[in-house]
């Protein structure tokens, strides 16, 4: 609104400067040429159109409707800042077999936030060659029943399960990776010298953009999801003889 105000003031000053001076060659009785006023009016109309078309709210304002009937503009999925390789909107469940699980699942009726080429990931991600082992066992799955999550501000929000895109109902999926064992095992991480190190496997998290609701307001928010299983180490205190 302030930009519109300054634009109007500038246009007004231009109009004032265009008025004929009493000591100029233009007779006092003559008016300002009609072409000038036409140009000035055009400038004002352009400023008004820009002010009206400018988004008055953040991107959340483009997500409209009730929590059970959210309609999303498909153009939003082309915005790079909203893309995430771990978020998928689809009318059908993504493949779950170990040889077909792909973050770029692009079957009919699917909209992925990620448009770049990525290698396929198995359900026991990562995959190692013979003789190689991971220090922690992990499992990766597409999660389509997430109802709540913690946003980047630490606040619990409701995750939208379904949205309307081009008059079709799309379900929101998240590709999550976590430790296979829900609790740390006594033996610790695989291959770690337990004589000198304490170790345990734990699930780590990251934040991705997702469609959520909070206080009946639908919006894109960063939410926390499981993304890896890592080994945590701490050196054992040396024993004194």
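Positions of Cβ are set from backbone N, Cα and C atoms, glycine also.
The signal peptide feature in Swiss-Prot is assigned to 1-18; the stated evidence is sequence analysis. Per Swiss-Prot, N-linked glycosylation site is recorded for 69, 114, 166, and the stated evidence type is sequence analysis. As annotated by Swiss-Prot, disulfide bond applies to 136-201, 179-229, 189-231. Residues or ranges marked as 1-acyl-sn-glycero-3-phospho-(1D-myo-inositol) binding site in Swiss-Prot (evidence: similarity to another entry): 173, 209. Residues annotated as 1-acyl-sn-glycero-3-phospho-L-serine binding site in Swiss-Prot, with similarity to another entry given as evidence: 209.
Following the DSSP three-state reduction, the secondary structure of residue 136 (disulfide bond) is coil.
With a cut-off of 8 Å between CB atoms and residues at least 6 apart in sequence, the same chain places 135, 136, 189, 192, 199, 200, 201 near residue 231 (disulfide bond), listed in sequence order. Sequence-distant contacts (6 or more apart, same chain, Cβ under 8 Å) of residue 229 (disulfide bond) comprise 136, 137, 138, 177, 178, 179, 180, 201, 202, 203, 204. The two recorded residues, residue 166 (N-linked glycosylation site) and residue 173 (1-acyl-sn-glycero-3-phospho-(1D-myo-inositol) binding site), have Cα atoms 18 Å apart.
Cβ environment of residue 173 (1-acyl-sn-glycero-3-phospho-(1D-myo-inositol) binding site): 87, 88, 89, 90, 93, 94, 142, 143, 144 lie under 8 Å away, each six or more residues apart in the same chain. Taken residue by residue with DSSP, residue 166 (N-linked glycosylation site) is part of neither helix nor strand, so it is coil. Taking the Cβ of residue 209 (1-acyl-sn-glycero-3-phospho-(1D-myo-inositol) binding site) as centre and 10 Å as the limit, one finds 18 other Cβ atoms among all the protein chains shown.
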